[in-house]
Amino acid sequence: AGPGVELGGAGPGSAQPVAAALLPACGSGRELSGEAAAREEEQEEEGEEDLRDGGVPFFVNRGGLPVDEPTWERMWRHVARIHPDGERVAERIRGAADLPKIPIPSVPAFQPSTPIPERLEAVQRYIRELQYNHTGTQFFEIKKSRPLTGLMDLAKEMTKEALPIKCLEAVILGIYLTNNMTTLDRFPISFKTHFSGNYFRHIVLGVNFGGRYGALGISRREELMYKAPVFRTLSELIFDFEEAYRRCWHTLKKVKLGHCVSHDPHSVEQIEWKHSILDLDKLSREDFRKELERHARDMRLKIGKGTGPPSPTKDRKKDVSSPQRGQASPHRRNSRGDRRPSGEKKPADSKAMPDLNGYQIRV
């Protein structure tokens, strides 16, 4: 069933109205054993997806949409375990004669004259309207190793299905909805915190516009997602998140910062999720600030050297003198050429194609 369709009872495929009916209380935590905590730490260092939410395991729908029967039944069993009302909430929703029609948020569209800060507010409003997913089952499988083009296809599906999302899905959606804002730099920011014997992980999409930093995302806590681009430095933004965590009685343990994401939705590059990994237990306050500013400087240098996110306008100017090519993927050759180890110098365009006739024949 598509999003917003009224259904008689809750069966597979009716994930949207069911997710809206579940209460936020599905997010309670429990303490991890030392062995489980060590296993999580190992998974984290290997870059595997974290499938625990504050000590409580959560599931990922790997079968796509509509949700298949085994995944559907597993979701309900999990809800019965983690919801305060237990099986009663599942019986109440699944036994309903019909479920209310859920309004589908409209994907934001902008005039060319709309300022970037206003666009960011509209994007965040859209992400918030999708609502946080409290079911314990993530509806979209996000593989961080996928090329950007595949993740953008998945983000497009998110807008079509209009299902509740978790923080990693919100980051992918934020990238998708800001791809046409070529003067905006986007980069992932991951947090690891500790509270009451449990470790919690969260991720947002950092943004930089006109030298001011901010963030897009979704969270159970209002203060842990959207940040308007008003922070003068990256360290000011991160310290604001740290203070927000402190108000929730969480202790910030680790911050991971990625590099800027390409604006080319057809790029086959992978997102660099953790260019800098900062362990607060090993850094003084001043060293932490210095490392944050070093990362901000690295991002500026990468963009300045032309190895950062390409600008479609600049790419079109570069292609004026190049031989004609098909229209299916005008920027892919550039994105492949940009993928090189950090520090390697980018060859000049004039030397990149010594044999133009041969190039035309190959195309």
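Backbone N, Cα and C define each Cβ position, glycine as well.
According to TrEMBL, the active site annotation covers Cys167, His202, Ser219. According to TrEMBL, the feature compositional bias 'Acidic residues' maps to 41-51. The feature compositional bias 'Basic and acidic residues' is assigned by TrEMBL to 335-349. TrEMBL lists 32-56, 297-363 with the feature region 'Disordered'.
Annotated pair Ser219 (active site) and His202 (active site), C-alpha to C-alpha distance, rounded: 8 Å. In this structure the alpha carbons, written CA, of His202 (active site) and Cys167 (active site) are 7 Å apart.
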